[in-house]
Amino acid sequence: MFSHLPFDCVLLLLLLLLTRSSEVEYRAEVGQNAYLPCFYTPAAPGNLVPVCWGKGACPVFECGNVVLRTDERDVNYWTSRYWLNGDFRKGDVSLTIENVTLADSGIYCCRIQIPGIMNDEKFNLKLVIKPAKVTPAPTRQRDFTAAFPRMLTTRGHGPAETQTLGSLPDINLTQISTLANELRDSRLANDLRDSGATIRIGIYIGAGICAGLALALIFGALIFKWYSHSKEKIQNLSLISLANLPPSGLANAVAEGIRSEENIYTIEENVYEVEEPNEYYCYVSSRQQPSQPLGCRFAMP
């Protein structure tokens, strides 16, 4: 079971690595400027990190077909029609492409090279270029409100009175458009930050699970080794105890059994003779040592 754990951890990390980049689609028309947002938050003011923009999806390392690159201080490489519109010193590394054509369609990679292993933030932004729409030039409408102030006529018993309310305030469409763009960029930046944070949390969780499984495997191997060593040690101690048993005890036990069998007997001999009617008998006591002479008693009639 444990042999499959390292392989599963590698697959999990590869899956998280491949799904790290996000893809968002943006549209523009031929002849317009295309805007591809990309943001990050510097750790401290002026503490910048390298950023690269490339044509094509984000590879495992760096950017492919680099069109713009920054370092910790300034923009050190760019090609024509590609430039940064925002303040990159504050983390705004959004790319602007001037006067786009149909050939500019495709996926662009924004890679924020944060120091550390697998800490880079990768964003794949799909740019779709549409042909320009042919529309008649709009005629400029005259602001009649500004030219003719509103008149309020009151009728009463006396002569009619005319009051001037003044012209309505002009609405600056340029300011409204700029505000809408800023709100859109802010919303996109928040979405990108949330996506990056979610992916990073997923990677940390996967790495933690792999580390926990590896530690469990190591502890299991150590416990198994300790158990085997303890069992072998107990067997060795048992053999040593049997080998160290005093031989005298075993020999004494055997000799005692033999001696008991030899000493428990009685020699009785009766001699019946016509010529000598005397009888005699001998006995051996169980307490008498084998080396002592036999004790015999004679009985006379």
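The backbone N, Cα and C atoms fix where each Cβ goes, glycine too.
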Query raised in the report: According to Swiss-Prot, which candidate among C9, C109, C110, C210 shares a disulfide with C38?
Result: C110
Report summary line: Correct disulfide partner for C63 among C52, C58, by Swiss-Prot, is C52
Requested in this report: Name the cysteine that pairs with C109 in a disulphide bond per Swiss-Prot, restricting the answer to C9, C58.
Outcome: C58
Requested in this report: Look through T19, T145, T174, T178 and state which residue has the annotation O-linked glycosylation site in Swiss-Prot.
Outcome: T145
Requested in this report: Would you kindly give the Cα-Cα distance separating C52 (disulfide bond) and C109 (disulfide bond), rounded to the nearest Å?
Outcome: 8
Query raised in the report: What same-chain residues, at least 6 away in sequence, bring their CB to under 8 Å of the CB of C110 (disulfide bond)?
Result: L36, C38, V51, C52, W53, V93, L95, K122, F123, L125
Report task. Give the number of CB atoms, excluding that of C109 (disulfide bond) itself, located within 10 Å of its CB. Result -> 24
